[in-house]
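Visitor: Supplied in structure tokens, the structure appears directly below.
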Amino acid sequence: MFKQYSLISWFTKNPVAANLLMAIVIVMGINSASSLRKEAFPNKAPDTVEVSVHYPSGSAQQAEQGIALVIESALQSVTGVKRITSSSNAQGTSVMIEKTAEHDLNQLLQDVKAQVDAIHNFPTDAEKPLVKAALREEQVIRVQLFGDVPHQTLQLYGDKVANALLAKPAIGKVVKPDHREPLIAIEIDEAVLKAYQLTFTEVAKQVNEASGVSVTKSLRNPEKVLRLSANTQAMTVQDFAQLVVKSNQVNSYVTLADIATITDTYNDEQYFLSRFDGHNAYTIKLVMDEYGDIEQIVAQAQQVVAQFQSTLPDTIQLATWYDKSELIQERLALLSTNAMTGIALVFVVLAIFLNLRVAFWVAAGLPFILCGTLYFMTEPFAGLTLNEMTTFGFIMALGIVVDDAVVVGESVYSTKKQLGDTVSNTITGVSIVTIPTLFGVLTTVAAFAALANVSGGLGVLYAQFGTIVTICLLLSVVESKLILPAHLAHLNTRQVNRSPVMVKWSKVQGVADKLLTQLNYRYYKPCLLVVLKHKYAALIAFVSILILAVSLLSNGYVRVGFFPSLPADTISASITLRNDASFGQTASNLTHLERSLFTAEQSLLHSAEQLDTSYIDHVAISADSDLSGQLDVSVEENPYYTLKELAAAWQQTTGLPEATKQINIRAELAMVSNFKVEIKTDNDTAMQQSAQAIVSYLQNIDGVSAIDNSLAPGEAQLDFTLSEQGKALGMTPSALSRQLLQTFGGEVVQSYMRGSDEVKVRARAPLSQRSDMFDVLNSDISLPNGKVVPLSAVATIQYSDQVQSITRIGGVRAVTISAAVDKSKLTPVTLVSDLKETLIPELTSSYHDLTIHFAGEAEHQAETTASMKSAYLLALFAIYALLAIPLKSYFQPLIIMAIIPFGFIGAILGHWYLDLTVSILSLNGILALSGVVINDSLLLVSQFNRYQKEGKPTTEAIVDAATGRLRAILLTSLTTFAGLYPILGESSQQAQFLIPAATSLGYGILFATLITLFMTPILLMISQQISAVYTKTGKYLGGEKVNDPHYSR
């Protein structure tokens, strides 16, 4: 019995304090909701530091030797490093340093920067290293300019739009993937040079001297300051055309326009393409960091777009698409609707089986719990966002958090009805169940808190709902022990409401109560007596059911895929071409890919008899290199096909066009590669053959697609070496290479600023003289004495394959192979296991210095599983301790915890019945289930101990405890399932990946209820028989005599 001056007693007698506490928390929660960031799915926290060095050596090997190896050596002493990966190519090196889970990213950034800044032996041509930490950024919306106008026009207006966007306070960053570097191209025909007796070098020198800015020291006197400036910088094509490159005699000179074609264009070293819905396009992507507000960003972007739409020429259109705020609003609205439906169902269940006023006040505690959780989600506390995982946490908590209040409310109602409607009896009713309900909640908290602290890989993202449920449960303790008693203090159990509605509802309650009573005493009690009589047979039956359920997993009847497939709101298709692809093949293949998209959609609509219709909203095509490109497709929601179905049909329809290495079409978000393997060795032959063997193996596996091998074939290259004759003619290697680069690569004569862009002025040969190998072989070289000779007279020429890029992982050369895995056919872990059993042993035995590491999902699964195992063991220990304390026994907690494995039966059968794949969310649900299922057993065992102290025989005490707690056990289980039922029945594709977790807990709790009502009495009976044997032999159990009626086992 609680003393009258306890905290519970004080709040019960002071309803004003309880109501103020409730109101303050609700107001704080509502106020906090507006400040919480919203995102569709929680982003993975950045964990890498990048060091990039621009070094245009023309050789990946030189970049590796001069940059990568030097940086790797310097970083050996840095702590907190998990892995170092470098990639070197002809333009430089990028080094990625991944931190360990517990290390601080900013500290790693400082340590890496200090070590890199101390390096003084980089090649002389290498630029200063750029060291930066990865940022948590998310694309918010795309602003698209498009029309049948030149790219130059689109870029001109696009830059104006981008500047207007950046002027808005909420918009901090825009990315312009279609922005091209402006270029003044001066193309000089070799025949013209010969006619005017000029050389390429002479022209470049004259242009540089004739155009430029020269500023002298300022002149100062007492009256003013005068700055002297000689500004002859050419800015336009016309300016450059008038530059004099040669003077023949007085008033006779040759201008640049006489010998060259001058154009204002863009850097064209790489192939470029950008189209939107069949028109030339310019894209602006708005990016949000971890502190951005997506709704404000989108609103302000829409304002800018609306302002510009009325000012742009008729030939240019301006639109927004790829709006993530719509996705977030839709998904959160979907989950919120399910949450409200869950609340309604919970209230209906409570209202049917409880006094209506008690049910109302129990349900009224939900706003306090939910708003309080919103407040504790803010940055000073949990620092969470409103996303699918946290919103799902609220749904999972709906039915669980009222369990405590249900038991308290029922206890108060029955006590007041029996002893009288006084405040003192309200306190008495609360005190009867305070200890078991408090520790019951704490055991559930222990399970969810362990879940919330899962680390490693991506597990931390999927465990966010555990944090939400933990906060909800802790607040439910406050609500049920302090606020609810104050609301029930003046409850009149003898008052009868005679309104027509209440009379009808009373009949419903009477029917429900009658059915429950019949279930209890007509069916359950006789069955329980039979089960107790044949307790060992029943125990074997339950264990057999558990084994059969587990066998559904081991035999493949229930699929296992650790990381669920997250639905995307668009379809993306990327294409990679082989190195031998011709220039322009990218555009041709992208056009083929676009046509096959509409063909695939029509095939799907044809089967649905929806001809001449298309739900494809937008198609954006982009390419910024010779060998790759991408399509992004948005589709209107329709009842005829899903994005996944369209992606599969598209992949099948498009085939593999000419010169294509790989096409990867995705309708799901992939945070890591499904399958990824790293092959590390310094033996190039071993690397190539091992990579080819694994690729060949994967190509024969059904369900494996989009295989990508980072070990690309070498790029065709002509190697020039100065011959002995060339040396005799006075040529040097540097002079030879300089002339070749001038002729075929051009020479940047100068550069100047145009707005925020740097404009480079490049002199070069016309495209017709620098596009073919024969142009090189037939070219001429100018000797130091001014004479011109064929290239073959001064150099030897060899054909070779040049390695495009070199990857190093952990200080060793490496190649990575990745692939997409259809989880309906096999899982990444199964694929890895098969490789380890078959091909990998053969490779490692053939090449002894070969190291093979499986990354991707397999690696993240191993990290997350290890963390979950340790978290689960800690949770079990915490649960045991929290049970042992109120029961005052070392043995009885084991009886209660023995129920936990049997809860898995319902979870597994639920997945089998609904044809779901067991994922990390399923395991999280099972982990959470461990804390929930024991609450009913704790109530039953506590009631048994109370009856045993009163002197009841063992069998009678067990049966009376079970039948006495049946109502509360069924009610708490039904409310938990009712809260989850809406999400279990959700048909939206966007919520499908959440259903396994709801299945684990919802179906698990239903089956666990059946287990509790029979298994717990069986174990209690067996434990009593064992105790009796020890009593007869004078033994002790748990340090107390077994026959002590006040000792709770």
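Using the three backbone atoms N, Cα and C, a Cβ is placed for every residue, glycine included.
Below are the features I grabbed from TrEMBL:
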TRANSMEM  332-353  transmembrane segment
TRANSMEM  358-377  transmembrane segment
TRANSMEM  389-409  transmembrane segment
TRANSMEM  430-452  transmembrane segment
TRANSMEM  458-478  transmembrane segment
TRANSMEM  536-558  transmembrane segment
TRANSMEM  870-887  transmembrane segment
TRANSMEM  894-914  transmembrane segment
TRANSMEM  920-941  transmembrane segment
TRANSMEM  962-981  transmembrane segment
TRANSMEM  1001-1022  transmembrane segment
Visitor: Does the transmembrane segment (536-558) make contact with the transmembrane segment (389-409) through 3 or more Cβ pairs under 8 Å, each pair 6 or more apart in sequence?
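Guide: Counting Cβ pairs under 8 Å, fewer than 3, so no.
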Visitor: With Cβ distances under 8 Å as the criterion, find the stretch in 332-353, 358-377, 389-409, 870-887, 920-941 that has the most pairs with the transmembrane segment (962-981).
Guide: 389-409
Visitor: Using a Cβ distance cut-off of under 8 Å, indicate which of 358-377, 389-409, 430-452, 920-941 has the most pairs with the transmembrane segment (870-887).
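Guide: The listed stretch sharing the most Cβ pairs with the transmembrane segment (870-887) is 430-452.
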Visitor: Residues of the same chain, at least six outside the transmembrane segment (389-409), with any C-beta under 8 angstroms of its C-beta?
Guide: 41-42, 332, 335-336, 338-339, 342-343, 346, 350, 354, 358-359, 361-363, 365-366, 369-370, 373, 377, 429-430, 433-434, 436-437, 440-441, 444, 461-462, 464-469, 472-473, 475-477, 479-481, 484-485, 488, 925, 928, 932, 935, 939, 968, 971-972, 975-980, 982-983, 994, 997-998, 1001
Visitor: Which residues of the same chain, at least 6 past either end of the transmembrane segment (358-377), have a Cβ under 8 Å from a Cβ in it?
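Guide: Those are 22, 25-30, 32-33, 36, 343, 346-347, 350-351, 383-386, 390, 394, 397-398, 401-402, 405-406, 409-410, 412-413, 468, 471-472, 475-476, 478-480, 483-484, 487-488, 491, in sequence order.
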